[in-house]
Amino acid sequence: MTELRLHARLPLRLAHRRSFQRFTGASRRSMDPLGNGSDGTGACVNCSSNQFVQPAWQVGLWGAAYCGLVAVSVLGNLAVIWIILAHERMRTVTNYFLVNLAFAEAAMSAFNTVINFTYAVHNEWYFGAVYCRFHNFFPIAAIFASIYSMTAIALDRYMAIMHPLKQRLSSTETRVLIGLIWVLALLLAFPQYHYSSTTLLPGRTVCFIDWPEYATVDFRKIYYVSVALLIYFLPLCIMGWAYITVAVTLWASKIPGDSSEHYRQQLVAKRKVVKMMIVVVCTFAVCWLPYHVYFLLHQFFPELFEQLYIQQVYLAVMWLAMSSTMYNPIIYYCLNSRFRAGFQQVFCCCSSSAAKEELELKSPRCLQTQGSIRGSRMETVVSSAVDPAAPCAPPPAHVDSANCVPETFASTSC
């Protein structure tokens, strides 16, 4: 797949490996998302000029697009983190995963996007060997953490709706799971760190991956295909299965005629939660699909990347992929009233007392098991209100959706 280091690599192709060996004294491999230079394009490893020179106005437009993306992503995701951590009633199991998702996306935007754009435009590395390693390493870890946080939310929603009486994750278990996600993410990204290197060419420095070479195995290709499967296709399949199952249960089932009003409200609330998370997952899938296709094509059909226009294709594909980091706060604002109230507190100095009450004072609804909703192929137990007039104490974290459903997600409206 792609080197999710998210920036343009050393403009060399395997056709130039011998020339590069003579210059560096070592055998190198790199993957250049802009298309590696060849004799046909007049580029070579010892050239000091950039074959992808753009007009100043074009660079300015791309720069504005990337800087705007970073500003919206960082501010929006930091606001999400504050809204959840600063308000006790927002600290649910699902929301802890949203914090992890927001942190990974904000960090990737802040530390990689602009650097990536600069390298893609100038084809010269200005940021040193240490940051070269970090820049190759961190994006894969961040994307792994992002998509598996979404996967954990999907499975949490599945358990809450399909098996509401089973014990849920506690806050401690949730933190341990988040830590495990990051450990696996760092392990997956480690080869990018280990093989990263910088080399001084005539007139410029480049950052690339010095992959090991084997006679019978293409380690680079195996690694990138594995990464694509692990951080895109596999988790999307898991989330697709979970949300399709939940959606069939919630939407294909009929509400019994004698159900209470609170029972109906709770079912509607569950539907809104699932709808919001489906929008988040679909947005991620759409934004990252062209990027993965681009780099898989680069692995198997490198001759397609010889044209000069490939730089524009890369910049567009990369912007679309990175833009996924700025959409989630917007989705939360549109589809969740508590997040909407939180954003009003963060960005509007004249936020109303009603917004503060929405965020701070609403109590969870105490629920007990009332009945089951039967779909065509499955069955789920749905809770109904016991006493709507009396607020209940915050439930233990492992039963927050089985017995008391926080208004964080019970109050979702667009």
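From the backbone N, Cα and C atoms, a Cβ is placed for every residue, glycine too.
Of the cysteines listed (Cys47, Cys207), TrEMBL assigns Cys207 as the disulfide partner of Cys132. Reduced to three states, the DSSP call for Cys207 (disulfide bond) is strand. Counting Cβ pairs closer than 8 Å to the transmembrane segment (59-85), the top stretch among 137-155, 176-195, 273-293, 313-335 is 313-335.
Model confidence over the domain 'G-protein coupled receptors family 1 profile' (76-332) is summarised by a mean pLDDT of 89. Comparing Cβ neighbour counts within 10 Å across the disulfide-bonded residues Cys132, Cys207, the minimum falls on Cys132.
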